[in-house]
Amino acid sequence: MSKTLTIKRPDDWHLHLRDGDMLRSVLPHTARDFARAIIMPNLVPPVVTGADAAAYRDRIMAALPEGADFTPLMTLYLTEDTDPEDVAKAHASGLVKAVKLYPAGATTNSASGVSDFDKVAPVLDKMAEIGLPLCTHGEVTDASIDIFDREAVFIDRVLDPIRRAHPDLRVVMEHITTADAAAYVKSNDSNLAATITTHHLVINRNHILAGGIKPHYYCLPVAKREEHRIALRQAATSGDARFFLGTDSAPHTDANKLLPCGCAGCFTAPNTMSILAEVFEQDGALDRLEAFTSLNGPAFYRLPVNDTTMTLTRKAPSYPDHIDTPEGPVTVFDPAMPLHWRVA
Ligand SMILES: NC(=O)N[C@@H](CC(=O)O)C(=O)O
Ligand SMILES: [Zn+2]
Ligand SMILES: [Zn+2]
């Protein structure tokens, strides 16, 4: 009999589902393995108001396969015109679980994001008062800053000043990619956590650039040097409650990835749990997989842990190398190593 591992059903604390045909194509892959997910609001146009989030939640629920057990946790896209009262109302009704900060121009569909951080101070004050977390895409957009340094510079120039000005604000540093970010999280005892993606535990920048350019490994923040990947592995597998899974599964069609100016994002929804079990087993930390995928996130978001479970079996998984969508094929993230665990 093969070895098995049973954990509380996981959640994904950072997910892109898109809309329309793409939503219908990718949602079943997440809903199969995850009970809940924090849904990113970077649609075109973005999900800015409580009314936008309610309508988007309805479209997600309508796209769910029959019998699926999945709850989308909605977010609002912070703009310089966001109304603090609308945010408070959307939170009070239970609809919205976080507000997302995109520095304008930092990533996919971030044009409506924030340029002047002073302008959003009233919203941040309100969020601190009501305990609503801020999720950050933590990269500066200053063209003079090297792209591999943009996360570390964001911490110094933007995040730390925001946290000093709003000490009660609860912040999730999304998809961290550096030892600097992991150390910043560890140096703070409260109101700060970070999500780590599946792919940043597996790839470093060589995967993207050595031996030919690999657009399917290009995402933002871009993968860094090996020493940073090691620091992320240490943070994720340590059991430290301040680190939890946010896959950042970000589907783009192959046609949009394989361009002279291709889109950023890795699509990891179909094989994330198999990859994570492999990673945690390699690091002798299978007993801490559950903390990373199923316990630490709910604790930070002040939500109950799921009462259902997931069983993984030590058996090679099968997943497609791409999925077909009405918009065209979407390549599934290739972990570039053999996998030995499948979701039962
Ligand atoms: N991570 C990515 O490379 N892309 C995300 C945006 C984001 O999370 O920054 C996307 O929406 O495609
Ligand atoms: Zn991002
Ligand atoms: Zn993302």
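Every residue, even glycine, has its Cβ placed from backbone N, Cα and C.
When the candidates Asp189, Asp240, Asp248 are compared with the Zn(2+) 1 site entry in TrEMBL, which names His14, His16, Lys100, the shared residue is Asp248. Binding site for substrate per TrEMBL: His16, Leu17, Arg18, Asn42, His137, Leu220, His252, plus Ala264 from the candidate set Ala54, Ala231, Ala264. Among the candidates His166, His175, His199, the residue that TrEMBL annotates alongside Lys100, His137 as binding Zn(2+) 2 is His175. Among the recorded positions listed (Leu17, Asn42, Lys100, His137, Asp248), Asn42, His137, Asp248 have a CB atom closer than 6 Å to some atom of ligand 1, in sequence order. His16 (substrate binding site) and His175 (Zn(2+) 2 binding site) have their C-alpha atoms 13 Å apart, to the nearest angstrom.
When each of the binding-site residues Leu17, Leu220, Ala264 is scored by how many other Cβ atoms sit within 10 Å of its Cβ, Ala264 comes out lowest. Here Asp248 (active site) is positioned 13 angstrom away from Lys100 (N6-carboxylysine), judged by their C-alpha atoms. Of the listed recorded positions, namely His16, Arg18, Lys100, His137, His175, the sparsest CB environment within 10 A is found at Arg18. Asp248 (active site) falls outside any helix or strand according to DSSP and counts as coil. Across the structure, Arg18 (substrate binding site) and Asp248 (active site) are spaced 12 Å apart at their Cα atoms.
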